[in-house]
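I have placed the structure first, in the form of structure tokens, so that the comments after it can refer back to it.
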Amino acid sequence: MDKHLLVKRTLGCVCAATLMGAALATHHDSLNTVKAEEKTVQTGKTDQQVGAKLVQEIREGKRGPLYAGYFRTWHDRASTGIDGKQQHPENTMAEVPKEVDILFVFHDHTASDSPFWSELKDSYVHKLHQQGTALVQTIGVNELNGRTGLSKDYPDTPEGNKALAAAIVKAFVTDRGVDGLDIDIEHEFTNKRTPEEDARALNVFKEIAQLIGKNGSDKSKLLIMDTTLSVENNPIFKGIAEDLDYLLRQYYGSQGGEAEVDTINSDWNQYQNYIDASQFMIGFSFFEESASKGNLWFDVNEYDPNNPEKGKDIEGTRAKKYAEWQPSTGGLKAGIFSYAIDRDGVAHVPSTYKNRTSTNLQRHEVDNISHTDYTVSRKLKTLMTEDKRYDVIDQKDIPDPALREQIIQQVGQYKGDLERYNKTLVLTGDKIQNLKGLEKLSKLQKLELRQLSNVKEITPELLPESMKKDAELVMVGMTGLEKLNLSGLNRQTLDGIDVNSITHLTSFDISHNSLDLSEKSEDRKLLMTLMEQVSNHQKITVKNTAFENQKPKGYYPQTYDTKEGHYDVDNAEHDILTDFVFGTVTKRNTFIGDEEAFAIYKEGAVDGRQYVSKDYTYEAFRKDYKGYKVHLTASNLGETVTSKVTATTDETYLVDVSDGEKVVHHMKLNIGSGAIMMENLAKGAKVIGTSGDFEQAKKIFDGEKSDRFFTWGQTNWIAFDLGEINLAKEWRLFNAETNTEIKTDSSLNVAKGRLQILKDTTIDLEKMDIKNRKEYLSNDENWTDVAQMDDAKAIFNSKLSNVLSRYWRFCVDGGASSYYPQYTELQILGQRLSNDVANTLKD
């Protein structure tokens, strides 16, 4: 989607000839420049009580799907600018219809001493309250973070932030007589907020939440956030979500996909981890006069010269799509909102104007300000209220009144909530007698039935469809349960079912599931307890104790027994996966190694009845190891990826088996008598001299092939110290093309080189000054060749004749081409020895 979410921009009033040709388009951040009004106003007690009742009804969902709108104060006829002049006489907040549940006071271009403010608190609040509309003041987040307004007058300390929060609530809520506070948080395209500013804003937000909102001391006020930001980009939201009444997400313009709601769907997957669907509102924008490119959303119908009323039609609009959209999980959304509701009914400028700019504005007649009757808002509210998904859950849905009450409390009150709820439902108490209606919660993830002593029957028909997938079932204290039928629910265990409490059980059916009822499994014990409970009331029969036809699901084992394997030296090829890493386990961790073992497992029986389905096959049960990989490290640290080894000589391998993503098994494999595992003696070696770059030279001893050493010439040498005398048996050079970070051509490989040790083993290099040491190390006369390299292969490997040395040098004598050669790592392989042992071996 190639557009910026420049949402909720406000357009300055277009005043007479001076501003006629230009759009004063400002970001929603214009809120941040508005100072709170200092004058205190007493709101009548009646209005306070009415407002409190409205807030309670809204918060409890008694108003149905909500419709809210942002009214731009400078478009109210009472508003005047700093010059004292009226700006737009066409509209007034007083005419906002009852279909608007929440009206946001979105102020800008309105002077602090404008008559608008007295009209708001003395007239508009009362009038709108009487029709059932709550009013909420909107401010920008910069009012909280120290950038603008009151926040500039308070220090960023716990005490300062607490005082600032109180001042904000007083100035913007109490003194204006409104019903809550809305804080706008958007992306900053210039002068971006810092993490420190966001941290302060969050601290102040939390202090505000102590004062107002659902968790505040004054619960008669709403606390709302509106934003353009997704969850991952909004740390303030994540920190305050639990205190919000509503989250209003601005989705102005297309959101992708055929239905233009792809982004909304994606965002909701994250939002539902923090808020309920009943707190989530999505918003569109009416067309703002003189809007230019970047602020043209096309959320309402475009101007049609043949249909003057086109702007009042909602058919085919994005606004209607938003009204109809619902989350697929969690529940029904709270509702929708509109920005610039004072432009309701005005058609959008045609798409042919989509590239117009504020500096060269191509005007259209829809840019003119006109009176609105809020037709679109009325239609959208009606559309939502007539949506059958918002019908209240009744006795037809859930006959048992006690069950219905608990479901409404936890899931929501609307029919559409039932099929979307995807969390945990906990049912408790002896008032519930009938579970009919539970099946409607098709996406329920966990069901807890606790102390339902008057529920006598549980059957698959009464349980959610999700029980056939992976939903969890908990049953505790079901003392009155007589019939338990969990047949065909794909249950893999009976975990969560307190079978000891089902003391009145007369029959059960757990057949046609995926249970492991083998002798040592936990589910076998639970089965025997169930049978005992039935036997306390009647004789056990096939009809009253069904458990047959199980098809346990197979899993890869979490661990494998073999920690050290062995092959004889027989010159034969062996497969490590086949011999040491194999088998399948049930959910209860019963291990079945092969088809023969599975056949034996199938013969298992309880009370003479075979519990595994006769048509269940080993192929359907077993796990396939085809995607598994085996990484072998030989005694000389040579590495290969293969599950097959040929036992031709004594050798030892360290074996790592991975499932393609992670290592699942580690073992040691000996062939014949095995071999001593060597070490890379050069890993972490100290570079003591080089003809090249000293810092770069350290890279060849860091154990990583993601970096490389540049020789910067056809010849080069590096001298290094192993720290002590060691026994070296092999050496290995990883050439340029082994680089794991940057694809490197083999033409950059080293082709010729020499590995050397210091002749004089008694010399103390530490006592030399830097100049003398470099001269000494660079002199070929002081070194003895112990190996030569004459091949430009990717990994050059060669044996050494049990070389004893502490100080080594590697000389590059030529590359594979005219390019300067490179290499990534140098290894000296062998065993570490104490100085005493090394000296003894040398003698």
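Heads up, the Cβ atoms here are built off N, Cα and C, so glycines get one too.
Glycoprotein is bound by Arg72, Trp74, His107, Asp108, His109, Asp184, Gln250, Tyr252, Glu288, Glu289, Asn295, Tyr339 in Swiss-Prot, and the record lists one more residue there from His88, His126, which is His88. Residues 329, 418-436, 471-489 of the same chain lie 6+ residues outside the repeat 'LRR 3' (442-465) yet bring a C-beta within less than 8 angstroms of a C-beta in it. Summary for the binding-site residues Tyr252, Tyr339: the Cβ-based neighbour count within 10 Å is maximal at Tyr339. The binding-site residues Arg72, Lys699 differ in how many other CB atoms lie within 10 Å of their CB, and the one with the most is Arg72. When the C-alpha distances from Arg72 (glycoprotein binding site) to the binding-site residues Asp702, Glu704, Asp707, Thr824, Glu825 are tabulated, the minimum falls on Asp707. Mean pLDDT across the repeat 'LRR 3' (442-465) comes to 97 in this model. Under DSSP, Asp702 (Ca(2+) binding site) is assigned to coil, being neither helix nor strand in the three-state scheme.
Between the alpha carbons (Cα) of Asp184 (glycoprotein binding site) and Lys699 (Ca(2+) binding site) lies a span of roughly 51 Å. Classification of Asp108 (glycoprotein binding site) by DSSP places it in coil, neither helical nor stranded.
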